[in-house]
Amino acid sequence: MLDDITTQLKSRRALFELIARDMPPLMADMAAQLVEAFRKGNKLLVMGNGGSAADAQHLAAEIVGRFKMERRALPAISLSTDSSILTALGNDYGFDAVFRRQVEALAQAGDVVLGISTSGNSPNVRSALQLARERGCRTMGLLGRDGGSIRSLCDLALVVPSLDTPTIQEGHITIIHIVCDLVEKALFA
């Protein structure tokens, strides 16, 4: 059991060393684009499925509430959290449309629409990002593996290069926390 723990921790360390080496410019770009959008009065729409839905909800909560510093609220909406909307849209339009329909209702040009997908291939995230691009939104992805089919729909894609879903999710939440910190410092420090 202890060997398994050590192996898993070494694997995580290697991934975080890779993130530390390759992703700081991408995280800085993500934060800068969010800061610009918030300064212009735009909002963040964020979505994902399963654990990525939890990450989307977590990110929206940090942006609307606060991350580390007391400050004014910023506009962010998780498209993964309203069970009535999700089940109505899933029932009436199919699960592939649950995020797209919300983007249709809520997104305006200049908004940031962020899709979180450990596979990079979630059809409902892909469909929503496609519509967001057509509407003049900035599209971003927090993705895993090789970025999948969603990568090409993103103006900015941060890809955690692992095949292990829990490890990808750990990378995503770390990136989310760093970006939240950068956004707060840029807008309120």
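Note: Cβ is positioned from N, Cα and C throughout, glycine not excepted.
What you are looking at is a predicted structure, and each value in this text was computed from that prediction instead of being measured.
Residues or ranges marked as domain 'SIS' in Swiss-Prot: 34-189.
Secondary structure at N49 (substrate binding site), taken from DSSP and collapsed to helix, strand or coil, is coil. What Swiss-Prot lists as substrate binding site is N49, G50, G51, E62, N91, D92, S117, T118, S119, S122, Q169, and the listing cites sequence analysis.
In the three-state DSSP reading, H177 (Zn(2+) binding site) counts as helix. The C-beta environment of H177 (Zn(2+) binding site), restricted to residues of the same chain at least 6 apart in sequence and closer than 8 Å, consists of E62, F67. Annotation source Swiss-Prot lists Zn(2+) binding site at H58, E62, Q169, H177.
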Message: For S119 (substrate binding site), which of the three DSSP-derived states applies: helix, strand, or coil?
response: coil
Query: Which residues, same chain and not among H58, E62, Q169, H177, have a CB within 8 angstroms of the centroid of the CB atoms at the recorded Zn(2+) site?
result: D55, L59, H172, I173, I176, C180
Message: Applying a 10 Å Cβ distance cut-off over all chains shown, what neighbour count does H58 (Zn(2+) binding site) have?
response: 18
Message: Show me the subset of N49, N91, S117, S119, Q169 whose Cα is within 10 Å of H58 (Zn(2+) binding site); these are the binding-site residues I mean.
response: none
